[in-house]
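Asker: When I checked Swiss-Prot for this same protein, it listed these features:
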type: ACT_SITE; residues: ASP59; note: active site, proton acceptor
type: BINDING; residues: GLU10, TYR57, GLU65; note: Mg(2+) binding site
type: BINDING; residues: ARG55, THR68, TRP422; note: ATP binding site
Amino acid sequence: MSTRRIFGLETEYGITCAAPPGQQGLSADEVARYLFRKVVAWGRSSNVFLRNGSRLYLDVGSHPEYATAECDDIRQLITYDRGGERILEGLVADAQQRLELEGVPGTIHLFKNNTDSAGNSYGCHENYLVRRQGDFTRLADILVPFLITRQVLTGAGKILTTPAGATFCLSQRADHIWESVSSATTRSRPIINTRDEPHADAELYRRLHVIVGDSSMAEPTAMLKVGATDMVLRMIEAGVPMRDMALENPMRAIREISHDMTGKAPITLASGRTVTAVDLQQEYLVKVRDFVESTGEVSDTDRKVFDLWERGLLALQSGDLTSVERELDWVIKHRLVRRYQEKHSLELSDPRIARLDLAYHDISRTEGLYNLLAARGLVERVTSDVEVLESTAVPPQTTRARLRGEFVRRAQEAKRDYTVDWVHLKLNDQAQRTVLCKDPFQSVDERVDRLIESM
């Protein structure tokens, strides 16, 4: 049985323009226009596919969104996700320069987080290609309790201000999720979005669209988030029986888990059993590890995921988080917050703490707190700077993204008018030649070669 899967991450970014005291800052719409000016200039649109096979566009609510090219390896996926940050950082530099030329005050910041000060939420959507065979309801039933409880390890952390005061939560998205499974993404915000757009052969595949997760700054957190989910899916697809872990009230559970830093908040299952998020994650870990090891197909990434999954749960059980304080986002952030609080004798509700929370997610390599920690070697990495830089210009070589990226590059170099999406490559000439690429695993295609040669 092949464990190869297509993955993709879509990340919506928060955007702001900090104006000097006493001056009116630009609105998010205005900042977005400056940010995408260069993109619109060459792409004639604020929705474009890039030479690296990825998609860059302006989403509703003026959120820049970057969707990685199709990846078939988790390390590759994280590399292309980080590459998106670098591409957007370049757009920020260009927009900043334009502001200064026009005498407009303010500094543009992009945040890879999931909530803004007005209480709006925007997402990090995970995409997993799954086989069409099998019961989707069963898949969702097994996956939802896993996705609700994984936040104890994969949450990005957040200072939540309530009428009762400020509190540190595990997840940024948890308070904004209202359903387990739905076809909407904004109105009801489900854990799993069921809108069926496989971007592949619909008879063979469907695209599982998970929208409950937090955006990850820490690369090992991203690896665990996607890697553990991938292995749970492998087990489900193989038909392995799983004890019923359905939650009595999933929406209450997701919030109660997020608001309890110990991972030990009691949650009630539909069966009446009372457990904790750590208990359920431990159950998934044991079951998944037994299954994956029994297949004999354990990759290096699988081993790293199991190691961090296990160490994270042990750390929560013991209350000593030092073993994961360089790898898990919320733990890294909580440590920063605690030290800053102690140094300056601050309450958690102090606005300076909220600014620190935000600065952790700033994608700037000179101002973002996470990136400054990474530059000083204070957090663990999965990728390298060289690979991330390469990913901004070169598509993954093992998936359909290679065909798209190469087509875009050659069409741009030949100054040809073209249209592309996830499955179509089209030259907008008299012949209107189009190639349909339905197989996301296919990186070589004679039809695409001929289309490129015809330029």
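Including glycine, each Cβ sits where the backbone N, Cα and C put it.
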Asker: Return the single residue from the binding-site residues list (TYR57, TRP422) that has the minimum number of other CB atoms within 10 Å.
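Answerer: Among the binding-site residues TYR57, TRP422, the sparsest Cβ neighbourhood within 10 Å belongs to TYR57.
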Asker: Sequence order is fine: just name those recorded positions in ARG55, ASP59, THR68, TRP422 with a Cα within 10 angstroms of GLU10 (Mg(2+) binding site).
Answerer: ARG55, THR68
Asker: Find the shortest Cα-Cα separation between ASP59 (active site, proton acceptor) and the binding-site residues GLU65, THR68, TRP422, and name the residue that gives it.
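Answerer: Checked the binding-site residues GLU65, THR68, TRP422; minimum Cα distance to ASP59 (active site, proton acceptor) goes to GLU65.
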Asker: Given the recorded ATP site (ARG55, THR68, TRP422), which additional residues of the same chain have their Cβ within 8 Å of the Cβ centre, ordered by sequence?
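Answerer: So the extra residues in range turn out to be GLY8, GLU10, PHE49, GLY53, SER54, ALA67, ALA69, GLU70, ALA401.
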Asker: Can you tell me how many other Cβ atoms are located within 10 Å of the Cβ belonging to GLU10 (Mg(2+) binding site)?
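Answerer: Step by step: centre on the Cβ of GLU10 (Mg(2+) binding site), count other Cβ atoms within 10 Å, giving 21.
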Asker: Using a 10 Å cut-off, grab the number of neighbouring Cβ atoms around the Cβ of GLU65 (Mg(2+) binding site), all chains included.
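Answerer: Other Cβ atoms found within 10 Å: 20.
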Asker: Does THR68 (ATP binding site) have same-chain partners at least 6 apart in sequence with Cβ under 8 Å from its own Cβ, and which are they?
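Answerer: The list for THR68 (ATP binding site) reads PHE7, GLY8, LEU9, GLU10, SER54, LEU77, TYR80, ASP81, GLY83, GLY84, given in order along the sequence.
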Asker: Counting only residues 6+ apart in the same chain, whose Cβ is under 8 Å from the Cβ of ARG55 (ATP binding site)?
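Answerer: Looking at Cβ-Cβ distances below 8 Å from ARG55 (ATP binding site), excluding near sequence neighbours, one finds ASN47, VAL48, PHE49, TYR66, ALA67, TRP422.
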Asker: Around the Mg(2+) site formed by GLU10, TYR57, GLU65, list the extra residues of the same chain whose Cβ is within 8 Å of the site's Cβ centroid.
Answerer: THR11, GLU12, ARG55, LEU56, ASP59, HIS63, PRO64, TYR66, ALA67
Asker: What does DSSP say about TRP422 (ATP binding site): helix, strand or coil?
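Answerer: Reduced to three states, the DSSP call for TRP422 (ATP binding site) is coil.
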